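See structure below.
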Amino acid sequence: MDFVQHALLTASRGALTMSLNSSLSYRKELSNLTATEGGEGGAVSEFIAIIIITVLVCLGNLVIVVTLYKKSYLLTLSNKFVFSLTLSNFLLSVLVLPFVVTSSIRREWIFGVVWCNFSALLYLLISSASMLTLGVIAIDRYYAVLYPMVYPMKITGNRAVMALVYIWLHSLIGCLPPLFGWSSVEFDEFKWMCVAAWHQEPGYTIFWQIWCALFPFLIMLVCYGFIFRVARVKARKVHCGTVVTVEEDSQRSGRKNSSTSTSSSGSRRNALQGVVYSANQCKALITILVVIGAFMVTWGPYMVVITSEALWGKNCVSPTLETWATWLSFTSAICHPLIYGLWNKTVRKELLGMCFGDRYYRESFVQRQRTSRLFSISNRITDLGLSPHLTALMAGGQSLGHSSSTGDTGFSYSQDSGTDVMLLEDGTSEDNPPQHCTCPPKRRSSVTFEDEVEQIKEAAKNSLLHVKAEVHKSLDSYAASLAKAIEAEAKINLFGEEALPGVLFTARTVPGAGFGGRRGSRTLVNQRLQLQSIKEGNVLAAEQR
């Protein structure tokens, strides 16, 4: 019986050893087959592909980093997240991708174990930080579009710095476990780089995907979903407003022209407005789909590959699919400067100005040095493809072409910096009655939002100082009166009523004011009674002693 059990155990061990050896030999054969498949043409095509990816990642992110760094007014709070995103992608192209290029040529890792672990950590860290930064940018745009008036209070400089620090700490927590025993780091001959051994610890693979990929992806879906819903609602409101305006204009013009021509022109304008707003709505939808679609296309295949490896083993994925899924994740670093950098009108025009010299600057940037907190808000809104009309309504103002009829505040827009810069200005319904004109409104103010805030702060500071001065003056007066009262009481206690000046017992009456005279006499009597009671109390106290 023992002999049979020993034989079965030996056979099972032998089968396991054979399966492991066959697995290793199978992967080796696949590697050799992949290397020899297509001859030198396949190796050359892979080399050219990874070289192109590396160059595009490096140049694209470097251009955005330099543009934002040189033009300080562009480095708003929102663009600080973009700056961090592109800078991390640039570091990926410098510290990781060159070694991937070398490994794709040599078909092995030649840089040692230490650098293998370090490059794997860098790849995971930068990739995780990039995905989390996309989620933070979505939150920033959410507040800019849905709550533009409280955006400067919600998204502050300190909170932006704290968000960036949190992004990197969050990413570091998700990337350190392979260096401390939960999973491990290995050179993957089909990814041509050192990565975490996703097939060894399925638990870590699922943890990293949820912690660093699924979490920001859900944030993006929720935030951009709310943004698009608000854009649709505001577009309907603007469209209804234009219909009312057209009808009123038609009624006015009907008094001068025939009703037939008026109705036809009104219907044409109404149709034109509907086309414009539907186009803006489609542009916003396209922008959101591009942002989310780029994330899914670049990172989706890689997530599917590592999930398959974690659940069904290393050999379940085709080597070619594994290679291209990994390299497709590198292309996300190409999409980021395009979507979050060049998609921005202001950044794009500044970049063209840097490339084509001062002539382009003079034509496009007359007031490019003006800075504003609401410049950042408008950037976030217009980057989503929303029209100035929608931007005005989302900020709580009126559509362009309408003046405020309720009016504490109104909004006008300027294209000075290549985007819709929002300017806050005052208006009243009495001085500015509502007018419906088809011509574009004139710019009524060039005062920036920060200037308005500074003026309000100065006025509040002056009023606060005035109130403090009045309070101190009242306190000083009260203290002086209290001191005189204490002094009078002390004199009464020591010297009696005769020591006090006679003016205290003289009632001030105003001639012709009978009520004031009677009130003064009653006050005098009350004072005498109080002094008499005090004096009698002092005498009784002396007799008792």
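Cβ atoms here come from the backbone N, Cα and C positions, even for glycine.
Taken from Swiss-Prot, the feature topological domain 'Extracellular' applies to 1-46 (among others).
The N-linked glycosylation site annotation in Swiss-Prot covers N21 (among others).
The N-linked glycosylation site annotation in Swiss-Prot covers N32 (among others).
Residues of the same chain lying 6 or more positions beyond the ends of the transmembrane segment (47-67) and with a Cβ under 8 Å from any Cβ of it are 74, 82-83, 86-87, 89-90, 92-94, 97-98, 100-101, 104-105, 192, 327, 330-331, 333-334, 336-338, 341-342, 347, 350-351, 354. The transmembrane segment feature in Swiss-Prot is assigned to 47-67 (among others).
Residues or ranges marked as topological domain 'Cytoplasmic' by Swiss-Prot on the basis of sequence analysis: 68-80 (among others).
The feature transmembrane segment is assigned by Swiss-Prot to 81-101 (among others). Remote same-chain residues near the transmembrane segment (81-101) are listed as 47, 50-51, 53-54, 57-58, 61-62, 64-65, 68-69, 75, 111, 115, 119, 122-123, 126-127, 129-130, 133-134, 136-137, 140, 160, 163-164, 167, 192-193, 330, 333, 336-337, 340-341 (criterion: CB distance under 8 Å, separation of at least six residues from the stretch ends).
Counting same-chain residues at least six beyond the ends of the topological domain 'Extracellular' (102-117), those with a Cβ under 8 angstroms from any Cβ of the stretch are 31, 35, 43, 46-47, 50, 179, 185, 187, 189, 192-194. Annotation comment: Swiss-Prot describes 102-117 (among others) as topological domain 'Extracellular', evidence class sequence analysis.
All protein chains shown were included, and the count of other CB atoms within 10 Å of the CB of C194 (disulfide bond) stands at 25. Under the heading disulfide bond, Swiss-Prot lists C116-C194.
Annotation for N117 (N-linked glycosylation site): spatial neighbours L179, V185, C194, criterion Cβ-Cβ under 8 Å with sequence separation of six or more. Swiss-Prot lists N117 (among others) with the feature N-linked glycosylation site.
Within its own chain, the transmembrane segment (118-139) has Cβ neighbours under 8 Å at 78, 81-82, 84-85, 88-89, 91-92, 95-96, 99, 111, 163, 167-168, 170-172, 174-176, 178-179, 185, 193-196, 208, 211-213, 215-217, 219-220, 223-224, 291, 295, 299, 329, 332-333, 336, 340, counting only residues six or more beyond its boundaries. If you look up Swiss-Prot, you'll see 118-139 (among others) marked as transmembrane segment, on the strength of sequence analysis.
Among the features that Swiss-Prot reports, topological domain 'Cytoplasmic' is placed at 140-159 (among others). Across all of the topological domain 'Cytoplasmic' (140-159), the predicted model scores a mean pLDDT of 89.
For 160-180 (among others), the entry in Swiss-Prot reads transmembrane segment.
The feature topological domain 'Extracellular' is assigned by Swiss-Prot to 181-205 (among others), with sequence analysis given as support. Beyond its flanks by at least six residues, the topological domain 'Extracellular' (181-205) meets 27, 30-31, 34, 50, 96, 99-100, 103-104, 107-109, 116-117, 119-121, 123-124, 306-307, 309-311, 313-314, 319, 322-323, 326 of its own chain at Cβ-Cβ distances under 8 Å.
Within the same chain, residues 124, 127-128, 131-132, 134-136, 138-139, 141-142, 146, 170-171, 173-175, 177, 196, 288, 291-292, 295, 299, 303, 306-307, 310 sit at least 6 positions outside the transmembrane segment (206-226) and bring their C-beta atoms closer than 8 Å to a C-beta of that stretch. Taken from Swiss-Prot, the feature transmembrane segment covers 206-226 (among others), and the record attributes it to sequence analysis.
Per Swiss-Prot, the feature topological domain 'Cytoplasmic' maps to 227-285 (among others).
Listed as Cβ neighbours of the transmembrane segment (286-306) (distance under 8 Å, sequence separation of 6 or more from its ends, same chain) are residues 131, 134, 138, 198, 205, 209, 213, 217, 220-221, 224, 227-228, 317, 321-322, 324-326, 328-329, 331-332, 335, 339, 343, 383-385. Under the heading transmembrane segment, Swiss-Prot lists 286-306 (among others).
According to DSSP, C194 (disulfide bond) is assigned to a strand segment. Annotation for C116 (disulfide bond): spatial neighbours W109, V185, F187, C194, criterion Cβ-Cβ under 8 Å with sequence separation of six or more.
DSSP assignment over the topological domain 'Cytoplasmic' (140-159) gives 14 helix, 0 strand, 6 coil.
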